[in-house]
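Enquirer: Would you mind keeping the following structure in view while I ask a few things?
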């Protein structure tokens, strides 16, 4: 399982970086944690030569484990994505959708199981005054550049775009530290006492040093069962990254 997007975003923030796309994107249909590689589309105002046909043709590609990223869709009069494109994308293996603009047929996303984050819901379709400017090139959402090599992490809390997954180990450790804080609070610790279990992790990340079980957290980890345990949610980290590389 991938690290929580909240942990990834906090680690990026501590490194002085960005990468989260929510906001401005908001959840239309949330999901459990998933990792996919971006398949990018950039829209632009005006009818253009082919309108939205290049986007429709893209639905005939192999989209296995891809998160479709549609930038510039706010140029459309209404929604650029709905049930028809959702069914087409799922049939080709797409794993998620990000739209910098409007979507519709929201119940279909939920019924069919496609995780979607977008700017807003709309009733009408896109209208004639929008076209596909580029398929497969770099796009930008909220100042974050996304290209075909970008890894997209989505879950119920947010969306993060990453140039690589090298942030995962620190994010697992950060998430583990936050679980330690929660467990300490459940056991009756004060907030100040509980936060001590995350302080070393935050300090280390802010200083730009890598984390490891024998280093920053080590004996300081809160564990009523004795000894440090790695983040419960991560499963096989190498397997997660390996799956992405094979896609």
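Glycine too: its Cβ is placed from the backbone N, Cα and C atoms.
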Enquirer: For the substrate site that TrEMBL describes with 82, 83, 84, 85, which of these is also annotated: 57, 104, 110?
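Expert: Answer per TrEMBL: 104.
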Enquirer: Just how many other Cβ atoms lie inside 10 Å of the Cβ on residue 85 (substrate binding site)?
Expert: 24
Enquirer: In angstrom units, rounded to an integer, how far apart are the Cα atoms of residue 83 (substrate binding site) and residue 105 (Mg(2+) binding site)?
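Expert: Approximately 6 Å lies between the Cα of residue 83 (substrate binding site) and that of residue 105 (Mg(2+) binding site).
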Enquirer: Taking the centroid of the Cβ atoms of 82, 83, 84, 85, 104 as the substrate site, which other residues of that chain lie with their Cβ within 8 Å of it, listed in sequence order?
Expert: 79, 81, 86, 87, 103, 105, 108
